[in-house]
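Some features that Swiss-Prot has for this protein:
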ACT_SITE  311  active site
BINDING   245, 247, 301  Fe cation binding site
COMPBIAS  1-10  compositional bias 'Polar residues'
COMPBIAS  11-25  compositional bias 'Basic and acidic residues'
DOMAIN    220-320  domain 'Fe2OG dioxygenase'
REGION    1-26  region 'Disordered'
């Protein structure tokens, strides 16, 4: 996805088109923070190229706040969102209606999970080619530029069937003793899905289409929830918690803990977004960029680590139903006349990023070329 910063992005020099990522397993390595931190130097697999290593001092990004409780939100918010999303795709939402106690419980259980011994976490080990499960620095999937993190990802389906996919995942994968985890994260994902639909109404108004259009498009969704843990690192200037990338999904809703780490590439420089416990960080993903025909930007971002404190965050990736055809609404196409991206389904894009391509600044463009070149049927 190379729309916002194609010529100056540090990630562009290392993007890996048309590579079978499942075969990149030449130097398997176990990421165990408690053991790695006893070493004076981090393994070479975690050291990033000089041009991609984190900067010491960077400015703070001026991110607009969207107050969802304000009666004027449907009047002023679309203009503010449009301004942010045509430039970098990031904004904050406050007074969002999500229970503070639910957020606190989700953070508490996330900390409890990552504090478990490695063997316990590996019961949920992600399988090759899949997007969900426990992943320790993507070891086994990649062999270079490994991120200094561990994650737990799981699917959420909002299909009006009353299914409890998240709750079932924890019980089936980790055992009945994780029933409370399943209940909390099921409720959290449902809250994130509802919040996403509210934001979709504002995005529709921002783009000049019916406010119900995108809400209806995502009413049923096959989304992904991810818990992120970035342990302290003895040499944080050599590595990254998450490398530069654009999210392939449609919309990301992120809640950070109190530790700085999120950085966005805007105006040819990295800028940070300060943690705010009262706010969710929202950003546009590649799929919604395609839905807007390139009007709204999916922006390059990354996560850095530090020597003193662990950082944790929770990311909800809103995605359409896997068989839903992604194409801009007619209102947008009538104004722009030309299509920037081919029709595709989320299942096609997800497979591309899991099996053929390591997400970076060029993901959407590379995927579009892949679809056209291979004449992939929808």
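Each position is counted from 1, following the chain as shown.
Any Cβ shown, glycine's included, is placed from N, Cα and C.
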Restricting the comparison to the binding-site residues 245, 247, 301, which residue's C-alpha is spatially nearest the C-alpha of residue 311 (active site)?
301
245, 247, 301 excluded, remaining Cβ within 8 Å of their centroid (Fe cation):
242, 244, 246, 252, 283, 285, 298, 299, 300, 302, 359
Using DSSP, break the domain 'Fe2OG dioxygenase' (220-320) down into helix, strand and coil residues and give each count.
6 helix, 46 strand, 49 coil
Given a 10 Å Cβ-Cβ cut-off, pick out the one of the recorded positions 245, 301, 311 that has the most other Cβ atoms nearby.
301
Per-region confidence, the domain 'Fe2OG dioxygenase' (220-320) (mean pLDDT, whole number):
97
Once the chains shown are all counted, how many other Cβ atoms turn up within 10 Å of the Cβ of residue 247 (Fe cation binding site)?
26
